[in-house]
């Protein structure tokens, strides 16, 4: 549906500012009807990447093929016609303050030269689709953020595009509204079969909506694939840091402040076990306790679901004060690695 | 005040409104496109033409920095060419238009530049041509600012129109100088000033009202 062929994008030096290599060696494809999240820190090149798809920017080298057409080779009228089959929504909604909700949605249709009666019918249909039929005659200043983005989505879908680009579309919204908008996008993908490409710096957006993910860092694709695969086995440090944000890898403050490097008499060793994959953590503690004969205590735990698989970590306390002493911790680590769990000793607590 | 003097004031007010009205209209006809072009023709913009932009900017600045009274005198041959005469209210419209065009152009440029650049990108993203962006996005979105700019231009033109009396342009300024000053009729001077103040108030209030009416950026009701 969308294919990036050996793309690089360089912004030339301008007025004393040095040139920037925004993107390099970008080479991947986005399948028709999929929802792909492009995630990266600010400055990673996400915005440039998404703007190559609808021809707002031109690659320095390489081609961007959308729906079988090399959009990077288009210009002028040809490009404008192609752009009608690619919708886009924005972080700050970008609605015209001088037009009502309905007239904002009508704008791309006016630009495409639709007849007035057809525009009226299509606009009503779209406002209904995004659930704000009652806001037909409201101006953007009278709408909430979520409602504005619904107008933005209706406008982006007006000309029946095959691709919908989302440029941080939920970054200016509160979590509850974000969820509602992401649900709406999922519905649109399901019902209209529109391919969705969303760029974001928020793991929660990728986790809730995307099936495929592309991790971008310094203008380079560092990992890409199914969301579940990428986030159950993140390889690149950036991917790992995004995962850590999603599943909250940091320890509870009261626990973190008590951890010391050396064993404490009568205390516990603190071990963190990474949980990856469906059902992996379910019986772990019970099995450890039974097979190792230890009173394992659960100090902290967080398990989430990404792409239908469990991802998270358990922080366990292994008692050292009992007969067997120090050996208990190393036996536990050996047992964990035998059972394919990745684990590390964080320290000790009293 | 005698009825003749009142008639003089009414006639002069009519001349002033005629000069200012026509000059504002023509100034807008010429100034609006120039202003839109100035606002959209720098490097990387909609109608990118940095060299033309810079050249036009210089012309605009030069016209604006010429004192109006000097402009009036300097272009007398041109005025005669266009209006067939260099004296009278109709002739005065020529320098008034030439002075107001660059003024309006700069004000329009400012109002257009106030429009969020994200809206231009948005319109481009769904395939709007540069001309469509100007008429469907930039001008409607800048309308409150444009109306205030036009109001300011009309108020300035009222002031300018008082000066064309010096070259036989007629109008309220002319009346004030000839009767109020040269014939030493302070009541005439006062009447002229009062009428001018009233006109400016009227124009400004009307402009403010219209600008508020079309401004949808603020919450209504």
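One is the number of the first residue shown, and numbering goes on along the chain from there.
Backbone N, Cα and C define each Cβ position, glycine as well.
The annotation domain 'ABC transmembrane type-1' is assigned in TrEMBL to B:13-205.
Annotation source TrEMBL lists transmembrane segment at B:16-39 (among others).
For B:51-76 (among others), the entry in TrEMBL reads transmembrane segment.
For B:82-105 (among others), the entry in TrEMBL reads transmembrane segment. Within its own chain, the transmembrane segment (B:82-105) is flanked in space by residues 15, 18-20, 22-24, 26-28, 30-32, 34-35, 38, 59-61, 63-64, 68, 71-72, 75-76, 149-150, 153, 156-157, 160-161, 164, 167-171, which lie at least six positions past its ends and keep a Cβ under 8 Å from the stretch.
Using a Cβ-Cβ cut-off under 8 Å and counting only residues 6 or more beyond its ends in the same chain, the transmembrane segment (B:146-168) has close neighbours at 16, 19-20, 23-24, 27-28, 31-32, 68-69, 72-73, 76, 86-88, 91-92, 95-96, 99-100, 103-104, 107-108, 110-111, 139, 174-178, 196, 199-200, 203-204, 206-208, 210-211, 214. The annotation transmembrane segment is assigned in TrEMBL to B:146-168 (among others).
With a cut-off of 8 Å between Cβ atoms, the residues of this chain six or more beyond the transmembrane segment (B:188-211) that come close are 1, 5, 9, 12-13, 16-17, 144-145, 147-148, 150-152, 154-155, 158, 162, 172-173, 175-176, 179-181. The transmembrane segment annotation in TrEMBL covers B:188-211 (among others).
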